[in-house]
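Undergrad: Dropping a structure here in structure tokens format, bear with me for questions.
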Amino acid sequence: MFNVTVIGTGYVGLVSGTVFADKGNSVICLDIDEEKINRLLRGDVPIYEPGLQELVIRNMSSGRLDFTTDAKRAVQSSDIIFIAVGTPSAEDGSADLRYVQAVCRDIAQNMDRHKIIVNKSTVPVGTADKVKLWIEEHLEKDVPFDVVSCPEFLREGSAVRDSLNPDRIVIGGANPEAVKVLNKLHEPFDAPIIETDPRSAEMIKYASNAFLATKISFINEISNICEKVDADVTMVAQGIGLDKRIGSHFLKAGVGYGGSCFPKDTNALIQIAEDVDHDFELLKSVVKINSQQRLKVIEKLQQQLGRLEDKVIGILGLAFKPNTDDMREAPSVDVIHNLKEYNSKIKVYDPVAMAMARRVLPADVVYCDGIEELLQGVDAAVLLTEWEDFKTINWGLMKDKMHRPVVIDGRNVFDPEEMRAMGIQYSSFGRQNSQQILQELVNS
Ligand code: UDX
């Protein structure tokens with residue numbers, strides 16, 4: 001068992017620290033945010049993440065997990081230090097490393113003996129070398145250390161499960177001894193371990209996220225064509241996904257991806273490529289398709305309602321995906337701001353993300369307490385997050401509460417035939433029905 005320090009108690013740091021403690025290690029998590037640390041010390045987890053609160057409390061009670069704002073204590077109590085601070089987007093899309101740099105100074109100034117310093121934050125290729133330089137720059141005495149890159153692949157909403165059962169663990173280090181220690185730390189996770197150099201490890205993280213984002217934009221483009229040729233994108237996704245070389249995941253068409261990783265990391269990789277004079281055209285298209293995809297909601301509303309001015313639109317789901325309250329880069333934000341430009345009236349409901357939403361949505365949005373209140377009197381309902389609660393809405397009953405029975409399904413959750421049978425004017429993504437096409441042909 002190891003003494004581990006994790007610096008940064010965001011999604012990645014808090015979940016990784018807790019999971020390392022759960023595997024029997026002694027873990028201390030450091031953050032500069034005193035309020036957050038005080039909340040954590042009371043067992044109060046500041047983010048919505050299923051299963052995390054219970055796991056934090058269990059490991060704190062067993063004495064394996066602690067939180068502090070004291071950098072000296074955190075650095076000196078461990079042999080392995082994970083850096084898991086944020087790497088937000090700079091203005092040009094590249095990753096801003098100022099927090100990583102600040103942490104390097106803190107580590108260097110408090111280093112008392114050999115440490116393995118591990119980058120868990122998503123950082124540009126070459127950052128492990130920079131971390132080494134930044135630490136050397138601030139070292140007050142000659143203490144040996146190693147820098148290793150060990151990217152994190154957890155998803156929000158299933159972060160605990162993902163961290164306890166990872167598909168793979170990537171360890172990129174120049175010193176085989178340090179790699180061996182990290183290999184041992186990760187042994188209890190029972191996952192394949194890739195040992196590599198730091199730069200390849202850093203690239204693996206960006207390439208993974210860029211590839212997944214590409215899959216989503218690819219299927220969204222196919223869905224746009226499906227609508228025009230009267231094919232069904234869900235069948236197409238199933239048909240291509242059974243080919244093992246393609247795989248069935250990340251082929252759900254809809255309003256596209258959001259969140260704290262895909263938008264940030266795709267832009268960062270475009271910038272990394274640009275820095276070495278490579279024009280990553282493919283990834284640029286992926287990003288462009290994703291931003292256009294959100295606005296398809298407006299087109300679909302216009303097809304159903306005509307002018308959108310003064311129309312009351314009910315938004316079902318605000319978070320960028322279910323099981324999180326995270327609103328970062330959520331499609332709902334763009335859709336709602338766009339609808340405001342058409343002077344529509346907006347009502348919103350999300351089972352978890354309402355408080356977060358208030359920080360980013362326009363002031364005159366109406367916040368509803370539940371599905372029924374949201375649907376009351378709307379000209380259209382737009383589903384943007386596929387929460388389980390929404391999947392069981394009885395539209396046959398609900399349509400009487402609505403001013404018009406229009407539903408735009410941004411996540412292809414409902415069955416088009418069933419919706420139409422209930423009298424709903426239903427639009428989804430890539431599943432245009434033959435009747436509608438026939439009608440258009442008759443009209444033309
Ligand atoms: C992602 C990566 O999956 C994870 O490995 C990495 O560490 C961080 O970024 P996350 O942002 O939590 O995780 O969410 P994810 O579940 O991957 O979904 C991202 C977005 O893609 C969501 O907005 C989701 O709605 C969308 N999506 C996903 C689709 O539109 N279609 C799909 O088929 C899958």
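Each position is counted from 1, following the chain as shown.
Backbone N, Cα and C define each Cβ position, glycine as well.
Please treat TrEMBL annotations as automatic predictions, because they have not gone through curation.
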Undergrad: Do you know which of THR5, THR122, THR196, THR234 TrEMBL groups with ASP31, LYS36, THR87, GLU156, LYS264, ARG328 in the NAD(+) site?
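TA: It is THR122, as the record lists it for that site.
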Undergrad: Using only what TrEMBL says about substrate binding by PHE153, LEU154, ARG155, GLU156, PHE250, LEU251, LYS252, ALA253, GLY254, GLY258, LYS321, identify which of LYS115, LYS205, LYS288, LYS391 is listed for that site too.
TA: LYS205
Undergrad: What is the number of other Cβ atoms found within 10 Å of the Cβ of ASP31 (NAD(+) binding site)?
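TA: Excluding its own Cβ, the number within 10 Å is 22.
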Undergrad: How many angstrom lie between the most widely spaced Cα atoms of the NAD(+) binders ASP31, LYS36, THR87, THR122, GLU156, LYS264, ARG328?
TA: 24
Undergrad: Of THR87, THR122, ALA253, LYS264, the binding-site residues listed, which put a C-beta under 6 Å from ligand 1? Please answer none if none do.
TA: none
Undergrad: Rank the binding-site residues LYS36, ARG155, LYS205, LYS264, ARG328 by the number of other Cβ atoms within 10 Å of each Cβ and report the first-ranked residue.
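TA: Per the Cβ count within 10 Å, the most buried is LYS205.
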Undergrad: What is the separation, in Å, between the Cα atoms of PHE153 (substrate binding site) and ARG328 (NAD(+) binding site)?
TA: 18
